[in-house]
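Per TrEMBL, the feature signal peptide maps to 1-19. Look at TrEMBL and you will find 27-252 tagged as domain 'Lipid-binding serum glycoprotein N-terminal'. What TrEMBL lists as disulfide bond is 152-194. Feature annotation from TrEMBL assigns domain 'Lipid-binding serum glycoprotein C-terminal' to 267-471.
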């Protein structure tokens, strides 16, 4: 798809009218746009080469001619430049394009009683072709990016035609008119190149934009919203977009009752793209997970090393041996832990560190005959989890570095010693919670990128309330 790289890079992300702080912001620099136009011209060359040109018919003095079977045999790649136009979009201009066109002709010459007709082929070389097109970038009523070509212009510097077959002196009678006709077909606002560019931007480009994931489902329950909040802004060296960056409960998409914090300021333009990702994105997911009872789980023996939750065991590493009151009161059975968050887990990014603070209750039940459970203990737990973040395959991945958990007895029907609490923390809770958190982190958090664009030479900076991704881009076609 012609110009898809330019269109993709231009439209990767989304913007805010500044009435609301964005949860995600991007900066696309002139380096990215220069790279995109190089790729776009390679694609355009492949598309224009072989392009069929409509038949032409005309008359010059005593000669009538028909030009048929025309197609572009060669496209010479021009030099190009992209400029950012404040409050509008982009201006893409090229110079030095060349086209080679092959076709067939036939003519009839009639003057008095003299009648001559013949046919043959010709080759046209058009050089010094320059074109310019402005691209307006905006948003529609649903927050999706839009793109529109405006004021395309194209002019052909020179055209040289060579005929093969027939009488040369007759060619001289209509060659000039034919050269001008073919120049008009290639150049001008309605010529071959401008029609191709308008189609690429208004049709193919918009189809490409429709593939941009502005909403993404997570775990079939949550909806990640990357929609535009307003039109992009344009500066001399870059364009910026501002996105909603909020995670909703999929069935009931309602805004969280807190706002996104201000994002880190940066003036860097050395990479192709910058993505500011607020911890607001993750915290809105936590808010909805708590609100809709997703942060609760029944932990049984199937979730832990064999037999840890048994109340009776020959070895000394089951809960009934460590906390003897459990083994005495509930022999020959198993324990179930009901774990639930009591407040919203909160992620805080600051000074190179990312921490998730959470608190909850751990409620203990002993299984009884007939499938019933008897309650006997509630612990209050708090944890402050330090995680490492990495960018891979255009996703944010996380892994637990430190998981300190502290527990206190909230309510108990049995005596619990400090050794018993230590066993619960290290032998049960940590063994279950850390792998679950790493499993979530390994799933990755998707960034709003079209599949054909990939990150390279990527750097992640963790600052106050912000993950800043600085990256170059590679287009895979």
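Each residue, glycine too, has its Cβ placed from N, Cα and C.
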List the same-chain residues at least 6 positions away in sequence whose Cβ sits under 8 Å from the Cβ of residue 194 (disulfide bond), in sequence order, or say none.
131, 133, 152, 153, 154, 188
Arithmetic mean of per-residue pLDDT over the domain 'Lipid-binding serum glycoprotein N-terminal' (27-252)
86
Across all chains shown, how many C-beta atoms besides its own are within 10 angstroms of the C-beta of residue 152 (disulfide bond)?
22
